[in-house]
Ligand code: SF4
């Protein structure tokens with residue numbers, strides 16, 4: 001375990017040293033989030049932890065936010081979408097628009113996730129992610145430190161080489177709070193309506209937007225994007 005923990009902590013320290021207050025950790029409150037919140041708190045790294053409240057989260061996610069705050073004595077910054085944007089979108093397409101088409105699902109993710117995150121990243125230089133190479137084929141080629149090709153925003157991936165078993169081992173050995181949905185065979189946890197449990201042999205992210213059945217579409221816009229993409233100057237963008 002130490003062979004994985006030390007490089008991960010080292011990368012977090014390096015990121016903090018380089019970027020200082022311009023570094024943040026937008027946490028998805030999944031199992032990897034448990035590891036990173038524990039590392040950041042235990043090592044006194046003072047990296048602000050934030051999370052996105054899309055308005056469609058499962059209760060278990062609010063409960064793990066509360067558990068983190070109680071355990072580590074921190075306040076997690078909760079980001080909300082613009083209520084006027086959500087109202088306009090729902091007025092036009094309905095509350096379950098994400099089931100109607102891939103485009104509307106991406107629009108919902110953009111309004112509820114990507115735009116709030118981009119507002120939080122304004123003026124920042126870098127962010128930490130909990131992505132792991134093994135989570136999906138689409139994450140196989142990630143690097144531990146990446147740069148947004150348009151604006152130069154750095155992304156640090158301290159858990160890149162961790163397996164799911166490694167993550168579980170850390171959480172259990174350190175008695176870290178975690179989202180109880182993981183005990184019900186949920187792996188990648190997002191909005192309640194867009195997340196399901198997975199079965200043996202399925203890709204870890206197969207429980208996200210499963211009805212689309214498309215590897216490329218199984219991202220929400222947070223991790224293959226740029227600020228320009230979010231404001232519409234560039235068309236492509238995929239992404240927690
Ligand atoms: S995960 Fe589903 S409900 Fe949540 S923002 Fe994306 S499309 Fe909307």
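Note that Cβ sites are derived from N, Cα and C of the backbone, with glycine treated the same way.
Automatic, uncurated: that is what TrEMBL annotation is.
Taken straight from TrEMBL:
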- 220: active site, nucleophile (ACT_SITE)
- 108, 109, 191, 194: [4Fe-4S] cluster binding site (BINDING)
- 23-197: domain 'Phosphoadenosine phosphosulphate reductase' (DOMAIN)
| field | Nonlocal neighbours by CB distance (under 8 Å) for residue 194 ([4Fe-4S] cluster binding site), same chain, sequence gap 6 or more | value | 56, 98, 105, 208, 209
| message | Give me the count of other Cβ atoms within 10 A of the Cβ belonging to residue 109 ([4Fe-4S] cluster binding site). | response | 25
| note | Smallest number of other CB atoms within 10 Å: among the binding-site residues 108, 191, that is 191
